[in-house]
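The structure under discussion appears below in the form of structure tokens.
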């Protein structure tokens with residue numbers, strides 16, 4: 001029939017990853033935590049625990065990218081000056097938690113599983129780092145400016161201190177840089193089997209992110225419930241929000257064993 005269009009097949013790795021992860025991308029955007037974000041309903045507590053998980057994820061990713069920078073699959077998409085997030089996340093965490101933030105940081109088990117996977121492939125199959133770098137960096141470049149403004153407004157921040165994660169000072173044009181990044185990705189030489197593995201890992205990367213978002217939401221929900229219960233008891237704890245948050249997490253760990261761990 002005239003006018004009918006057949007689906008266009010492409011050899012571009014970036015387009016293949018985008019197609020392979022389409023459904024996972026939608027699911028990630030529709031997690032409770034991300035829906036709250038999109039509605040401008042993110043709270044300070046939610047943002048803080050998200051920062052903590054993001055720091056762990058990017059620390060693992062960037063250390064493995066640095067270690068494998070000369071690998072033929074990693075070298076084309078290695079842009080530490082333009083994309084590295086660890087220093088920004090460290091700055092944001094110090095802003096909210098102080099210089100001793102390492103003693104106060106709590107992340108869910110899903111974050112630990114995610115970072116373990118990144119470090120495993122960094123050691124055993126660095127080619128698959130491409131999938132995780134694409135999922136994280138291009139997502140941040142695509143939504144960074146918007147989410148940064150939402151965060152600043154939702155939290156009532158008077159300056160951009162604490163939200164430097166969303167800024168990419170080394171990237172003058174996110175759209176042009178994403179085009180360059182995709183072009184570099186598409187230049188990576190892969191066998192059909194290797195390409196299939198990269199696509200499969202990209203799907204897994206989205207699944208790891210979904211699990212992190214869900215675990216963070218569960219952690220926050222149980223913490224809020226535990227704090228409410230603690231208020232009805234006769235024991236008087238210090239009234240600071242940080243202490244309430246910490247006490248709630250202790251109760252949450254003891255009550256449901258979610259796998260939360262202290263760093």
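Backbone N, Cα and C atoms are what each Cβ position is placed from, and that goes for glycine too.
Here is what TrEMBL records for this protein:
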BINDING   18, 25, 134, 182  heme b binding site
TRANSMEM  242-262  transmembrane segment
Using the centroid of the Cβ atoms of 18, 25, 134, 182 as reference, list every other same-chain residue with Cβ within 8 Å of it (recorded heme b site), in sequence order. 14, 15, 17, 21, 135, 138, 202
Give me the long-range Cβ neighbours of residue 18 (heme b binding site): same chain, 6+ apart, Cβ under 8 Å, in sequence order. none
Cβ atoms within 10 Å, counted per site: which of 25, 182 has the most, among these binding-site residues? 182
Within the same chain, the residues at least 6 apart in sequence whose Cβ is under 8 angstroms from that of residue 134 (heme b binding site) are 14, 17, 77, 181, 185, 202, 205
